[in-house]
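Below: one structure, written as structure tokens.
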């Protein structure tokens, strides 16, 4: 075979480029399978997946309300049994340097989004844990409580509902992308398209939102399936009074070719 | 092994990629194993329609292999060569398209022309599914005398010229023989063209406009631009954002006759039904009442001319360049059949002096051999994206051939309209796949990408892969950095192919 065709092929073959593949030796395949299998244990820390134990709460040992989040510093924390993010941190810094150097060269890389995601994924992982300094661990200034979240329900065009938690201040488009909801954002939130069009199903919630600006209205004019309570997802920012809002994605109910639908001007 | 994290050896980035979400219909049909019969899909055309189709195909079915071919070495179609240089936000969508092209199951083949490097029948033999998304590369014409005079260009050619399309780099429109330009049509493309002619060149110097176009515009003597439409302000095909932008241009006086703004009951009905028309009309009425500042040498003029249709183009003294055009006044009449209002001539004529005319009355698709074509509408007859053998009532569906984008709907809509169009076509393809229309055990097994590479090798065609485009991209951006532009477009065929090979 000349292409990595299936998921398993990635373990079995090595891509030499130019549509050529070479079979990995057996011992390397075994290492790969071992490392995939043990990845959850490595990330969560030792003894975390053992069935008999209740999941150890790392902050219960230093229990004094409010519970401080577990601290990480280089090797001491590792010995204490926290999952080692050292490799992750070096990966983060490597990716960061990579991304910075690419940005400096003005090369918005093809994989820039892919590069952002590992950084974001790692940051989500280590993010709420305070990174202490090398000296005596001190209480971090950043608030220990995670940012307040509101609950938002997305109803897709087939009627399936997904409830997600959105931190205050995040736009609905970002929240949808982080939760794998199929909301397109062609212009990535710069008010130059109408692909993140959502319909606010309850008029009360629609009225709580601020009036759309002229630019948003211009884009809404061209939105597919426009309704009276339509907004652009990138302009709806989560705030406490929007808790419980339901956003419906527009349904493709119109048949483009057959019913003589008058095409929109461009 | 100890404390170090033994990360699995795999494509590092795939570790963190979001898992792709399948649509409900596809999940229902996904088989238990991941080894599914590969479906070979070829998308002809790499504009928004082509890329949205590729994206949805990759999401919709496991085991699909998509190959996108394009006539140009650069992908992205009109996003690169049609969107105006001063609208960079609209071009952000190429990031999404680049992610689709970076998918290992998707490949891009630039510099491959359907019709010369490949024929449609060869393509249909090599791939299970062929989706035509090559848009519209020709123009509607008036068919009136004088249309072949020098100085009359279609807006498509002009837009390709200032956007550095390799086919139009030698257009060299003469912007120095006159102070009046006429743009026929009042859609968004007409507004784009007028705006580029009127915008001050210092603003354009920091966009990705082609360098020769910027030089020509710097030395242009055009001070007045007339936007001529055969119907009224309510029927203008432009949208609010573009209109707002052009009305707010620096150093430009806008002239609209108050008499043209009178609305009939039929107009009011149209405005009631369409939000866009309402807002466009409001913007135009507001602009008509603004007091215009004194016209000194710095200020340019934009005239909106309504209810006029062109009847002929008159040559200037040298006989070969256009010097003026004859316009006939029109009235709106209700067309009983479609319910729309049509412009009907009244027999009163007037003349308008101009040195350059840009026709922006619509694009038209080009037919190719072996493909049924509706010459009147300029589209391929289709049923929800499935190509039909003809436009008659008794047409049959052509197996394995689909159409998407402007070739399917006609040349209207914005980038996002192709999203829904692609969804419809991909739904048709997946439905046909579920019915088993592509699995023919008796017929020869389709080769897909391998077959395409063999054909291209035989014909000695040098295709440009996606990383070839990335080399062009890097070079353009590096050149642009030197001039404080986002990119300095490479505009000649040979230079593009060279840049794609080196590095």
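Cβ atoms are placed via backbone N, Cα and C, with glycine included.
The FAD binding site annotation in TrEMBL covers B:49, B:78, B:114, B:406. For B:186, B:187, B:188, B:189, B:230, B:231, B:242, B:413, the entry in TrEMBL reads NADP(+) binding site. Taken from TrEMBL, the feature domain 'FAD/NAD(P)-binding' covers B:40-230.
Proximity to chain A, defined as a CB-CB distance below 8 A, holds for B:188 out of the binding-site residues B:49, B:188, B:230. Distance from the CA of residue B:78 (FAD binding site) to the CA of residue B:186 (NADP(+) binding site) is 19 Å. Max Cα-Cα distance over the annotated FAD binders (B:49, B:78, B:114, B:406) is 18 Å.
When Cα-Cα distances from residue B:49 (FAD binding site) are compared across the binding-site residues B:187, B:188, B:230, B:231, B:413, the shortest belongs to B:413.
DSSP assigns residue B:413 (NADP(+) binding site) to coil in the three-state reduction, outside any helix or strand. Between residue B:231 (NADP(+) binding site) and residue B:406 (FAD binding site), the C-alpha separation comes to 24 Å. Over the domain 'FAD/NAD(P)-binding' (B:40-230) the predicted model carries a mean pLDDT of 96.
Taken over all pairs of the listed NADP(+)-binding residues (B:186, B:187, B:188, B:189, B:230, B:231, B:242, B:413), the Cα spread reaches a maximum of 21 Å, rounded to the nearest whole number. Each residue contributes its Cα atom, and for residue B:188 (NADP(+) binding site) and residue B:406 (FAD binding site) these two points are 16 Å apart. Ranked by Cβ neighbours within 10 A across all protein chains shown, the binding-site residues B:49, B:114, B:189 are led by B:49. Closest to residue B:114 (FAD binding site) by Cα-Cα distance, out of the binding-site residues B:187, B:189, B:230, B:242, B:413, is B:413. Taking CA atoms as the reference points, residue B:187 (NADP(+) binding site) and residue B:406 (FAD binding site) are 16 Å apart.
By a simple count of nearby Cβ atoms, those within 10 Å, the most crowded of the binding-site residues B:230, B:231 is B:230. The Cβ of residue B:187 (NADP(+) binding site) has 22 neighbouring Cβ atoms from other residues within 10 Å, across all protein chains displayed. For the pair residue B:406 (FAD binding site) and residue B:413 (NADP(+) binding site), the Cα-Cα distance reads 8 Å. In this structure, residue B:186 (NADP(+) binding site) belongs to neither helix nor strand by DSSP; it is coil.
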